[in-house]
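Reviewing the structure listed below.
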Amino acid sequence: MSAVITPAEFNDYKVADISLAAWGRRETIIAESEMPALMGLRRKYAGDQPLKGAKILGCIHMTIQTAVLIETLVALGAEVRWSSCNIFSTQDQAAAAIAAAGIPVFAWKGETEEEYEWCIEQTILKDGQPWDANMILDDGGDLTVIIHKKYPAMLDKIHGVTEETTTGVHRLLDMLAKGELKIPAINVNDSVTKSKNDNKYGCRHSLNDAIKRGTDHLLSGKQALVIGYGDVGKGSAQSLRQEGMIVKVTEVDPICAMQACMDGFELVSPFIDGENDGTEASIDKALLGKIDLIVTTTGNVNVCDSNMLKALKKRAVVCNIGHFDNEIDTAFMRKNWAWEEVKPQVHKIHRTGPGSFDAQNDDYLILLAEGRLVNLGNATGHPSRIMDGSFANQVLAQIFLFEQKYADLAPAKKAERLTVEVLPKKLDEEVALEMVRGFGGVVTKLTKTQADYIGVTVEGPFKPHAYRY
């Protein structure tokens, strides 16, 4: 897709600068060559048009890789309207390229909170009225929640939502438990080809890149504390270790904690004996006073709280690679300490009190991306080859839900289908196979005898649902 439509012919968009479209198109073409699974699905299903009639509301980071996802959905028959799920994550050239192709998009880097909400509203609305959407593609859950709260009538026609990230899945499961979720959901985040690629290998690539772009610091020989050791934490710890940092990990889950130990990381707690009683007295000041860099990776709230921030070493770098900015207590920092912008998405946080500050003060923290996703705020996020698996999952999940036609079911059937589930393993394997082919790899086929011996078919799926990769 390379057509460029002039603003006079199409104005259902808002981006930073439409003149960046040619740049965005050049980068998109390169990204396509690095996304073999997504492009393979585009070729495989284009003739069948499995998304013909699908009207997809999308809210996911508006990057170059997302441009390839959007155009794949369109190539398979869908209509889409799009916004970004983070105020700092948009690549303006990518948004411009999508707008220039005649696809409604509302996103730019550096939105205010009010502009962010406006962009989501414009995604939902067409000509001032709710669009007759029948699918949602979300990252973090904001779009899904807004539709449930402000536009519940739209849910009568929506077949389901596909959710990209851990935080969004937590929100969906919470809504389901409370009886608030009205449409079925596919948990894309926990597909193997998403969680192992995006969450682990993607963070391994992009965290150190973002920190170095933001600070120009040498990382080797310095001490880092990674908060959380799920897939994102694992990738983050590896990212910092390969820079030569002395990496410590803190965890609440004994299994993840065990994995950190087995991977050779020192398991510590920022709290004395691991107990946080909410006071400064419970902080391990000796530990935090030596930390040069702290990164949160959990999807939880206040895992780097105000007392920890007070105890950190002077000039320590603080950042987050989880979805929302509430992993770090930025609200406390805004209320109690002075902020000095060094450059976009890099702030000195002077711990000398609110208001004015002495530029020569050396008691400050360096906060990246205002506590939001550092790899997209201070860099360009995961590379195309990583996002290939995530977005191929999104395409297959959209096809899967669209074919189920949940909105057309009888009430009794709807009650059965109202779930939050992962994509069937066979589809996960389909994504993995396309990715392997992109690397030039060759997968060995089982013989019939071998398949029978382990109780699978020659074509797969090859592992039971409970298998842990």
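Positions of Cβ are set from backbone N, Cα and C atoms, glycine also.
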Site-mate of Thr63, Glu164, Lys194, Asp198 for substrate in Swiss-Prot, selected among Asp139, Asp142, Asp216: Asp139
Close in space, distant in sequence - Asp139 (substrate binding site), Cβ under 8 Å, 6 or more apart: Cys59, Ile60, His61, Cys85, Glu163, Glu164, Thr165, Gly168, His323
Between Thr63 (substrate binding site) and Gly230 (NAD(+) binding site): CA-CA distance (Å): 25
Cβ neighbour count within 10 Å of Val232 (NAD(+) binding site): 28
Rounded Cα-Cα span from Asp198 (substrate binding site) to Glu251 (NAD(+) binding site), Å: 21
Entries of Thr63, Lys194, Asp198 which, being binding-site residues, have CA atoms within 10 angstroms of Val232 (NAD(+) binding site): Asp198
Substrate site, defined by Thr63, Asp139, Glu164, Lys194, Asp198: further same-chain residues with Cβ within 8 Å of the Cβ centre: Ile60, His61, Thr165, Val188, Asn189, Met387, Ser390, Phe391, Gln394
For Thr167 (NAD(+) binding site), the three-state class that DSSP assigns: helix
Lowest local Cβ density among Thr63, Thr165, Thr167, which the record lists as binding-site residues, within 10 Å: Thr167
